[in-house]
Amino acid sequence: MFGRDPWGGTLEISNADSATDDDRSRDLDRGAMMRHQLDETQQSWLLAGPGDQAGKKKKKYVDIGCMVIDRKIFMWTVGLILGVGLFVGFVMMIVKLVPHKKPPPPPPDQYTLALHKALMFFNAQRSGHLPKHNGVSWRGNSGMKDGLSDSTVKKSLVGGFYDAGDAIKFNYPMAWSMTMLSWTVIEYRAKYEAIGELDHVKEIIKWGTDYMLKTFNSSADTIDRIVAQVGVGDTSKGPMPNDHYCWMRPEDIDYKRPVIECHSCSDLAAEMAAALTAASIVFKDSKAYSDKLVHGAKALYKFGRLQRGRYSPNGSDQSLFYNSTSYWDEFVWGGAWMYFATGNTSYLTIATAPGMAKHAGAFWIGSPNYGVFTWDDKLPGSQVLLSRLRLFLSPGYPYEEILRTFHNQTDNVMCSYLPVFNSFNFTKGGLIQLNHGGPQPLQYVVNAAFLASLYADYLDTADTPGWYCGPNFYTTDVLRKFAKSQLDYILGKNPQKMSYVVGFGKKYPKRVHHRGASIPHNGVKYGCKGGFKWRESKKANPNILVGAMVAGPDKHDGFKDIRTNYNYTEPTLAANAGLVAALISLADIDTGRYSIDKNTIFSAVPPMFPTPPPPPSAWKP
């Protein structure tokens with residue numbers, strides 16, 4: 001039988017397909033059951049996965065965000081990383097714990113080596129009851145009756161420093177020496193600390209300031225006198241036992257040591273005020289002592305301003321050895337230090353008064369001694385110090401005009417140190433003749449080297465590459481080159497090929513003009529004249545006065561190592577203070593970006609808000 005296929009063509013229906021409806025129904029039921037069984041089998045296989053079909057365990061995976069990885073691989077990776085980290089840490093711990101040699105620090109430069117010795121000179125010059133750690137085996141207690149043996153004073157003046165090769169305590173150069181040492185600590189504290197000399201230099205300063213506090217009524221607000229010196233040296237009245245006629249160890253002195261007081265001594269008072277206030281900044285962490293120093297300085301400066309006069313009148317003993325030519329420079333110098341220590345602008349007003357500067361010689365540019373910084377003339381140092389104020393604080397009106405003048409004149413002084421300008425002669429060996437060929441030149445040279453090196457550090461810290469001499473510009477390296485050339489000369493680079501600092505180098509003076517160093521420390525007491533044989537001896541001193549800078553060569557670079565010629569072989573406190581200052585400023589010690597301490601000196605200065613200048617006067621037709 002044929003029928004029509006709905007998709008086209010004929011549809012043939014066979015006999016086999018003509019089964020009954022019951023048969024077709026049974027066939028459909030069996031097919032459905034088989035399809036149902038197949039579907040369950042397929043589903044179980046898909047859900048279980050092929051691994052389960054093989055009898056294996058199901059794998060686990062870890063999702064770490066950016067990818068999915070096998071859990072075993074993840075655990076192995078993490079374990080490996082931790083293991084490597086622990087191993088590296090263990091190795092580093094072993095390296096740190098096991099002792100190993102550090103590379104040796106670079107050897108200290110010659111300026112640092114010389115500085116260690118230069119400071120020891122102050123230990124040798126101490127008067128009074130010496131500490132056990134003084135470090136100078138041939139020195140002992142001395143001057144234990146100073147002040148008490150003078151019936152006009154009757155108070156203890158034990159302590160301080162002997163000035164030179166004698167046993168006189170001159171307060172004027174001693175105070176200047178303490179000011180200089182304090183200035184170096186304020187600027188270069190980090191250098192002192194780095195070489196282990198900070199405590200030493202502070203102890204030296206305190207030895208001086210403790211003594212100075214005894215020389216006037218330091219607890220009073222107003223005073224009327226100051227001790228100017230202990231001991232005398234004038235021998236013009238014939239042979240009589242005193243500190244210059246006798247040649248004795250200080251420990252054996254048995255002659256009278258008069259005390260000289262002054263009642264109108266502005267120069268000495270202002271210099272002592274400078275010393276105490278500079279030291280108060282050094283000891284600012286010891287508030288009680290710092291305040292004590294400032295209190296004494298206020299009384300001294302007030303006394304100096306009210307009781308005008310030089311501490312060394314004509315004919316006095318002090319005028320023979322440390323004559324002061326003026327007190328105006330001390331007013332500027334002392335006023336500047338008073339301001340830095342107190343922050344009181346009344347002191348700055350005094351220091352920057354145009355009339356004060358004029359009297360101090362700030363405008364005597366044609367003077368042959370202009371710019372020569374000494375224990376007598378503090379103006380060059382004052383100008384550098386106040387230029388510092390302008391460079392870093394710039395206080396403005398009403399101080400700006402005179403501070404700019406001081407700054408410009410400091411530039412001029414620095415120019416005068418350079419050979420090209422012929423302001424000063426130089427020896428053939430290269431030593432600048434700041435005292436115009438006079439004797440004992442080195443004390444002036446070291447002061448100039450210090451100012452030049454310090455000013456270079458100021459300019460560098462202010463990010464100023466140099467300064468002008470007229471139309472010519474010079475870098476700060478030129479200043480340091482000058483300073484180093486002078487110190488190199490002193491330390492042995494000279495025609496004599498000898499160091500002028502005792503104990504430094506292979507060749508140095510052996511017959512220093514110094515009583516304590518020239519007399520044997522053998523338990524024998526030599527009287528006033530008993531020591532003459534040691535003074536006249538041609539042999540080298542039995543005791544080495546380590547660190548003493550002698551007076552120096554003559555204008556022809558010549559030098560005579562003769563004990564009796566003090567113009568060649570005598571050291572002084574003031575000269576060694578300048579030497580220490582120059583050495584620490586040039587010492588090659590890494591303390592950071594800047595060599596100086598920019599801010600400590602300003603610690604007492606309040607924030608400055610410049611006063612506006614007065615308005616111009618009304619216009620008049």
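From the backbone N, Cα and C atoms, a Cβ is placed for every residue, glycine too.
Annotation source TrEMBL lists active site at H513, D561, E570. Taken from TrEMBL, the feature domain 'Glycoside hydrolase family 9' applies to 111-583. According to TrEMBL, the region 'Disordered' annotation covers 1-26. Look at TrEMBL and you will find 73-95 tagged as transmembrane segment.
Ranked by how many other Cβ atoms sit within 10 Å of their Cβ, the active-site residues D561, E570 place D561 at the bottom. Residues near H513 (active site) in space but far in sequence (CB under 8 A, at least 6 apart, same chain), listed by position: A164, G165, V550, R563, T564, N565, Y566, Y568, T569, E570, P571.
The average pLDDT computed over the domain 'Glycoside hydrolase family 9' (111-583) stands at 96.
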